[in-house]
């Protein structure tokens, strides 16, 4: 919204700063962090009163988790408020990529909110029906992917299939054109990303920091992919307009920092599905928009590992009646092995940093 103030640059030189994505990214980060810091305490107090018993604790979970009983959830409302308000202020709302990303973020956030609501009111781990939830998520994601695909096709040269193609790291010219099946592929990527972050959110601070790390990595990717000069130098695919996504990702980092202030152990609030689904969906949408869906598997490798641990556990238990892990997702396995919560969280943060660096290295290895 504030980018329109660039029109005043002829009279007030200061407003020329609003042209630059880097300036607006920094401003978005600061704004979202400030919003969460200022309004966080009031939101936490309100949620604690309204929820009473707070988020239900898994009966089969580690014993150390029972002391968290009564902690309110839906902290994602704080994060989403910071992200959305900051993005509306600093991002270019004429960009279909910005609009699509915010659509997915709010849509997934609403689904997560309803899921949290059911869990709190019923005091049960079972919330929204799994199949129904996945179905609605996929519809939202597919709509966003369709519009982004059309934008990429329109921006490309006549006859170009880039908008409907999947690109691969390490190979600058390798593309797989999926046609309109790209909508299904992109929808799967976004839904998978949302639910992977959701599965990771099981310990204080465990999900939010890797989300910020992935956001920083994809913020750089979005900025580079949206700049013709840098994209040509790195031999990555140029996607006009995606640079604006760096502004949204800056807002994610700022809101994440603000939330971590209250989510640091012992957590005063949990982000809940409201936050984890929305943040995962946001990152997945950026990956699709910038044509780095495969790279997301590396950068978001921690989320992939958490998801695979659940899939393996369920598959093997149904097949043999035995468990591969003491408990899934895998962060609970390590707790059962004797690791303290802080050891699990910090070691997983380290893994997230390493994976993000490996993912970014693919930009130059072509």
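Cβ atoms here come from the backbone N, Cα and C positions, even for glycine.
The transmembrane segment annotation in Swiss-Prot covers 27-47 (among others) and rests on sequence analysis.
Long-range Cβ contacts of the transmembrane segment (71-91) within its own chain (Cβ-Cβ under 8 Å, at least 6 residues beyond either end) map to 1-3, 24-25, 27-29, 31-33, 35-36, 39-40, 43-44, 47-48, 51, 54-55, 98, 102, 105-106, 109, 112-113, 116-117, 119-120, 244, 247-248, 250-252, 254-256, 258-259, 262-263, 267-279, 282. As annotated by Swiss-Prot, transmembrane segment applies to 71-91 (among others).
Marked as transmembrane segment by Swiss-Prot on the basis of sequence analysis: 93-113 (among others).
Under 8 Å from some Cβ of the transmembrane segment (138-158) lie the Cβ atoms of residues 96-97, 99-101, 103-104, 107-108, 164, 182-184, 186-191, 239-241, 281, 284-285, 288-289, all in the same chain and six or more residues away from its ends. Per Swiss-Prot, transmembrane segment is recorded for 138-158 (among others), and the stated evidence type is sequence analysis.
Residues or ranges marked as transmembrane segment by Swiss-Prot: 174-194 (among others).
For 205-225 (among others), the entry in Swiss-Prot reads transmembrane segment. For the transmembrane segment (205-225), the residues of the chain that approach it from at least six positions outside its boundaries are 21-22, 25, 197, 231, 234, 236-239, 242-246, 249-250, 252-253, 256-257, 259-260, 263-265, 267, 271, 275-276, 279-280, 283, 286-287, 289-292, 295-296, 299-300, 302-303, 331, 344-345, 348-349, 352-353, 356, 359-360, 363, judged by C-beta separation under 8 angstroms.
Swiss-Prot lists 245-265 (among others) with the feature transmembrane segment, giving sequence analysis as the kind of evidence.
Tertiary neighbourhood of the transmembrane segment (268-288): same-chain residues 44, 47, 55, 71-80, 83, 100-101, 104-109, 111-113, 115-116, 127, 137, 140-141, 144-145, 148, 186, 189-198, 200-201, 207-208, 211, 214-215, 218, 221-222, 242, 245, 248-249, 252, 259, 262, 295-296, 300, 303, selected by CB-CB distance under 8 Å and a gap of 6+ residues from either end. Residues or ranges marked as transmembrane segment by Swiss-Prot: 268-288 (among others).
Within its own chain, the transmembrane segment (297-317) has Cβ neighbours under 8 Å at 169, 192-193, 195-197, 199-200, 210, 214, 217-218, 280, 283, 323-325, 328-331, 333, 348, 351-352, 355-356, 358-360, 362, counting only residues six or more beyond its boundaries. For 297-317 (among others), the entry in Swiss-Prot reads transmembrane segment.
What Swiss-Prot records for 343-363 (among others) is transmembrane segment, and it gives sequence analysis as the kind of evidence.
Per-stretch counts of Cβ pairs under 8 Å to the transmembrane segment (27-47) identify 245-265 as the leading one among 93-113, 174-194, 245-265, 343-363. With a cut-off of 8 Å between Cβ atoms, the residues of this chain six or more beyond the transmembrane segment (343-363) that come close are 169-170, 203-206, 209-210, 213-214, 216-217, 220-221, 224, 234, 236, 265, 295-296, 298-302, 331, 334-335.
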